[in-house]
Structure formats: C-alpha cells, structure tokens
C-alpha cells in the first residue's frame with residue numbers, strides 16, 4: 001500500500017512539474033507588439049492554424065499598429081500587416097524561411113534539426129538544396145527532360161479515352177501526371193518509367209500531403225499518429241530513392257548509362273546522403289502545389305469557356321509556328337515545341353495561373369529572425385525580436401479590394417498589362433514569392449502547367465458538370481480562407497469530349 005501511494009505521489013508530482021514547465025512563459029523584448037488575448041493556456045493561439053484568416057483579421061483589428069504577438073506553444077510569433085511591414089518581411093536577409101518550417105507540420109522534413117542540405121554553405125549564402133534546384137531548371141537540363149515530360153502528358157490524357165463516362169475530377173488524374181513529371185525533372189527516370197515504383201511514390205507523397213502534425217508545435221512530446229505517418233512517409237521515399245543511388249554507384253563501367261538527374265548529380269561528385277535528402281524534399285515540394293493547381297486549372301477552364309477557347313487558340317498558333325509539319329495532328333505538333341516556346345508563348349495561361357494562385361493559395365507565411373538583434377517594424381517603435389518568428393498572411397494583400405477590385409471574382413484580366421492594379425503597392429502580388437525568397441521552382445512550375453493544359457485542351461473540350469455528368473455552369477469557388485491549408489476548387493467535376501481534330 002505504501003509503495004502504491006509513493007508511486008502515485010511520484011506520478012502526480014511529475015505531471016504537475018510538466019504542467020508548470022509547459023505553462024512557463026519566456027520573457028520577450030519589451031518592444032514586441034502587444035499580445036493578442038486570443039490564446040489558450042499551454043497551447044497558445046491555436047486559431048492561427050484552425051481559423052487562419054478570421055484570427056488574423058481579429059488580431060489586426062484589435063491592434064493599434066496592425067501588428068501583434070502571440071504564442072504557439074513555447075514559440076513567440078509576431079504577426080505583421082500592411083505594405084511597409086510586408087516589404088521588410090520579404091526583404092530582410094535575416095528572416096529565414098527554411099527555419100520557418102519549425103511551425104509547419106507538413107511534409108517529410110522535420111525542423112529542427114535543419115539538414116545540412118539547407119545550410120547556406122555555398123556562394124552567396126546559397127544552400128546545396130537551392131543550388132541544385134536552380135541547376136536542374138537551367139535550359140540544358142530542362143531541354144533534356146522535355147521529351148519525357150511531354151510524352152508523359154500525352155500518355156496521361158490519351159488514357160482518358162478508356163473511360164466511357166467522360167466525367168472526372170481532373171485533380172485526381174493530374175496528380176499522377178505531376179508526380180511522374182516531377183520524378184523525371186528532379187530525380188530519376190527509373191521512377192517515372194516504372195508504373196509500379198511510380199505508384200508507390202505517388203502513394204507515399206499522397207500520404208504526406210494529407211497528413212498534418214501541427215499540434216506538435218505546442219506539444220512536441222505528445223505521442224502522435226500524424227508524426228508517425230510523416231516519418232513513415234519520409235522512410236517510404238528513402239526506400240525508393242536510396243537503392244537507385246546505390247545501384248548507380250555500384251554500376252560497372254560497361255553497363256548502360258542513364259542520363260537523368262541522379263546521374264547528373266553523381267557525375268558532379270555530390271554526396272549520396274545529401275542526394276537522397278534532396279530527392280525526398282524536392283519530390284514532395286514539386287508534387288504538392290502543382291498536383292492541386294494543375295487539376296484546379298482544368299476545373300477553372302471547364303467553367304470559363306471563354307478562357308478555354310482563348311488558350312486553345314494560343315495552343316494552335318504556337319504549335320503551328322514551331323511544328324515541322326503544320327498540317328500534322330495538333331498533338332503531334334505539340335511534341336515538337338521547343339523549351340523556349342513552352343516557357344514564353346502562352347500568355348493567357350499565365351494570366352489564369354496567377355489569378356488561381358492569388359485566390360486559392362493564400363496563407364500565413366513564416367520566417368525566423370536569425371539576426372543577433374531585433375528588426376524594427378516600419379512606422380512603429382515595435383520590433384521583431386532576435387530568435388522570434390515573424391508571420392505575414394498573404395490573404396491580406398491578395399484580397400485587398402484596393403489592389404484587386406471585386407477580389408472574390410475570378411478575373412485573370414486583372415494581371416494584364418494596362419490594368420495591374422496590384423502594382424499600386426510594392427509586392428502587391430506574392431504568389432511566386434518576392435524579395436529575398438522568390439519561388440525557386442517557378443520556372444519549371446510554369447512550363448509544366450503550360451504542357452499539361454496544352455495537351456489537355458488539344459485533345460478535349462472541357463465543360464462543367466456534376467458528379468453524374470449533368471451540365472453545370474455554376475462555378476463555386478469552394479475557397480475557405482480559414483482552412484488549415486490552401487483550399488482549391490478540387491471538388492468540382494468536368495466533362496471532357498474528344499475534339500474532332502486532334
């Protein structure tokens with residue numbers, strides 16, 4: 001009995017000590033913006049994750065300066081708003097976006113610790129990850145991958161003819177294609193060309209995309225199925241890419257040579273361990289947003305026939321201008337379009353893509369102030385202290401009616417030269433990143449979307465419908481600005497009808 005009581009006392013004491021530890025609030029710089037009352041003991045301002053835009057609006061409205069402080073577990077975060085603060089947030093060289101991943105519970109990378117591939121050990125402070133991602137998007141490399149990725153796109157849309165209903169949610173079909181092309185552009189043809197391995201890769205990436213462990217920010221030691229699934233996802237990708245790298249290292253001199261990304265990196269003497277880490281991270285990044293956006297763009301064009309017709313005319317014009325035989329079937333002409341044309345000659349797709357990103361990829365961006373000193377917030381005597389996270393919600397600028405009149409309406413023309421109301425403010429559009437951290441994968445992302453839409457529209461006419469194929473002209477944005485992640489119009493269905501002239 002005495003032993004039982006002693007054990008109970010020890011357990012209760014340990015539990016109370018843990019509660020005291022969790023409830024301890026570290027001191028912060030006195031010039032930090034005022035803390036929001038929207039907080040929960042131990043956890044902090046959890047609405048930052050669960051009610052993203054409502055939380056942000058409420059905090060800004062209650063702040064005299066538009067800036068505010070809040071806790072996420074033990075982490076101090078400063079939310080900033082307005083054009084001047086946005087510019088500092090995006091331009092300050094001490095604001096580290098990679099370490100901002102500490103507060104993001106998605107994907108195969110767990111921060112901290114920060115893997116060596118993300119350390120700025122190269123020229124101009126670039127990391128191995130940044131250096132190789134840029135290298136793989138140089139014209140020489142993308143030119144080598146172009147025949148493969150166009151073949152992937154053509155094959156994916158030709159396969160749709162096997163479905164008699166002609167009804168689909170294009171996000172599902174496009175995701176497999178995006179993963180296949182990503183494997184080819186940032187990893188290995190061995191994955192892209194093997195249906196079984198490609199299916200495994202797609203399955204693991206899908207698991208990671210639909211798993212979030214943001215609760216671990218506040219309670220890092222709490223057992224979590226989500227964290228376990230994320231680690232399992234990282235292990236799953238490692239099991240796919242590691243054997244490929246190892247086989248190449250052990251390959252005999254007279255064996256057939258692969259000309260893909262794995263071989264490119266090995267030929268440059270890259271560390272096999274760093275290569276595997278790079279492939280794991282990049283495959284997830286290259287598939288995540290593109291997997292959603294490509295399907296979403298088909299949804300959008302199906303419900304906007306005027307833009308679909310406009311883009312189709314551009315496709316025919318570009319194909320005829322570059323095809324050896326302008327009288328060949330349109331899909332055959334597409335097979336011969338050079339890289340520079342894929343990149344530069346589809347202005348209507350670019351307008352539609354920017355508007356889709358503006359409306360459906362709006363979220364709080366996070367940076368960590370790595371400077372040994374506080375960073376002043378313009379127009380105030382407030383600061384972002386050293387070692388503190390800063391956050392800016394891109395919804396603020398992307399749905400600002402002064403920059404985007406009638407912001408809830410899909411209107412690609414707002415990005416056309418001669419309008420561009422968003423240029424009234426510096427960094428009025430942040431969809432591709434801005435300042436110190438533009439999107440490093442932007443070049444490939446644009447080329448990839450142009451290729452996918454070109455083959456989709458060359459082969460089929462698309463129209464909106466319900467799940468049973470009944471025509472529908474009502475375009476429901478299905479955008480929840482408070483959602484934990486970007487909310488895209490992926491719940492819509494499309495009907496596709498083969499064109500008479502393909």
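The first residue you see is number 1, and the count goes up from there.
Every residue, even glycine, has its Cβ placed from backbone N, Cα and C.
The transmembrane segment feature in Swiss-Prot is assigned to 4-26; the stated evidence is sequence analysis.
The feature N-linked glycosylation site is assigned by Swiss-Prot to 393, with sequence analysis given as support. All protein chains included, residue 393 (N-linked glycosylation site) registers 25 other Cβ atoms within 10 Å of its own Cβ. DSSP assigns residue 393 (N-linked glycosylation site) to a strand in the three-state reduction.
Taking a C-beta cut-off of under 8 Å and a sequence gap of six or more, residue 439 (heme binding site) has these contacts in its own chain: 432, 433, 445. Under the heading heme binding site, Swiss-Prot lists 439, citing similarity to another entry as support.
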